[in-house]
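The structure appears below as structure tokens.
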Amino acid sequence: MEQWMSYKNECIHNITSEPPATAVVCNRTFDNYACWPDGPPGTTVNVPCPWYLPWHRKVHHGRVHRFCGADGQWSPKNTSDCEQDDREQQRYGRILSKFRAMYTVGYSLSLGALVLALGILVAFRKLHCMRNNIHMNLFSSFILRALSILIKDALLDTPTLNIRRDVAPDYQVEHWANVETAAGCRIAMVMMQYSIMANNYWLLVEGIYLHNLLVVTVFTERNYFNIYLCIGWGAPLMFVLPWITAKYLYENEECWERNINMGYWWIIRSPILFAVLVNFFIFIRIIKILMSKLKAHQMRYTDYKFRLAKSTLTLIPLLGIHVVLFIFVTDDHTPNGSLRLIKLFYNLFFNSFQGLLVAILYCFVNKEVQSEMLKRWRRWKLGKDIEEEYRHTHSQTPHPPDHSLSADGDDSRQLVSGRCQNGTGKAKPPRPLFPDPPAEGASSCSTLAEDISLQERTQCLRSPAGGAESNF
């Protein structure tokens, strides 16, 4: 579009610098596509294909034709020689548009599920433990990633010049030449790159935490959380800032969405690859530990395979292991072909729906979360029932004098007080309506919980979170 603006300015300069014609001619003009000189009536005028066309090198020998009528009016132009006739490229563009619709749906669903899951974990204070604190930061990185990608796509969807149909007014092109618009788009691109890197490093933190929980003998979690925060949110800044500097100094073009010099792209690509590879090795180590623990339980072969498969499938979205499949297949090695399309579909599909899957596995179907929500709902319903029963009783029974309370009234008062008090005094403490689940039940929110050693489980059960630390 910057080239289109240059072509337009050059055309206007040539039109205004020459003296006007004295005879009847088709007036010189710029029709948002090509620059036309004065045309003699009854003749066909042709000019070279505009040099601003992205495919100009393929059609530089072509011409644009336009007939000048006898009344001095231009007829519609013929641009067939300057149009790009690449059916394969058009088919590739249609496929990419479908991919974009797919990942837009995936990120939108993930965004809604993650916001709800994060709200649940924040609202229930009993769920605040090291494991869930890491989960909350991971959910936040997924939310930031989805938001930045959707905002970036919305900014890139600003109405642009439609050269073939000649329907775009000049202000749409000048919009992209505006410095503020370009700066806003580049800020969105920077946020997208930071959020993607932060998301990958919080996946790495999840892997490190699981490894420490299963391997390290003495594991003081509070001492590690600040380190986790630095890794998850601080480490990406160490690489995004140099990338911003390189793009601004050496590749300050358009919205920074294209990687012209692949060397600058590796500034942020290499740390992401490092995090993915470290997580992959942690994943292999955890699977080996699980295999040894399952074999030690001497269970049946079918149960062994089921438990191992379930634990493995649960870990894959949490650690982002799906990225490893095409980790070394870069854009340089995949031209516009079938392999590139397969890679794009695989990465876009799993990356966009990964947040939704993580929110479901580690919040919505988490037994610990379900138990807390169920207890909260039962308490609310019990309060409503008692209030409704109280209103119903007092609306039908006349109020007795203060000095003649009935025995039934004393019993109902004792019943209510027995429910509200904690059982101190001579009376026998009432049975709790919602007893806390046993230790084994409190640690049933993941497939690996039953595979942690007894020593680790005992250590975690002593934490204020009620056994939640023994799970992920």
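Cβ atoms are placed via backbone N, Cα and C, with glycine included.
Lifted from TrEMBL, the feature list:
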DOMAIN    10-86  domain 'G-protein coupled receptors family 2 profile 1'
DOMAIN    99-366  domain 'G-protein coupled receptors family 2 profile 2'
TRANSMEM  101-124  transmembrane segment
TRANSMEM  201-219  transmembrane segment
TRANSMEM  226-244  transmembrane segment
TRANSMEM  264-287  transmembrane segment
TRANSMEM  308-329  transmembrane segment
TRANSMEM  344-365  transmembrane segment
REGION    391-447  region 'Disordered'
Recorded stretch, among 226-244, 264-287, 344-365, maximising Cβ pairs under 8 Å relative to the transmembrane segment (201-219):
264-287
Any chance the transmembrane segment (344-365) and the transmembrane segment (101-124) have 3 or more Cβ pairs under 8 A, given the pairs are 6 or more apart in sequence?
yes
Please spell out the DSSP helix, strand and coil residue counts for the domain 'G-protein coupled receptors family 2 profile 1' (10-86).
15 helix, 20 strand, 42 coil
Hey, which bits of the same chain come close to the transmembrane segment (308-329), Cβ under 8 Å, at least six residues off its ends?
200, 203, 206-207, 210, 273, 276-277, 279-280, 282-283, 286-287, 290-291, 294, 339, 343, 346-347, 350-351, 354, 357-358, 361-362, 446-448, 451, 472
Residues of the same chain, at least six outside the transmembrane segment (101-124), with any C-beta under 8 angstroms of its C-beta?
132, 135-136, 139-140, 142-143, 145-147, 149-150, 153, 345, 348-349, 351-356, 358-360, 362-364, 369, 372-373, 376
With Cβ-Cβ distances below 8 Å as the criterion, list the same-chain residues six or more beyond the ends of the transmembrane segment (226-244) that contact it, or say none.
134, 137, 141, 190, 193-194, 197-198, 201-202, 204-205, 208-209, 264, 267-268, 271
Any idea what the model's mean pLDDT is for the domain 'G-protein coupled receptors family 2 profile 1' (10-86)?
87
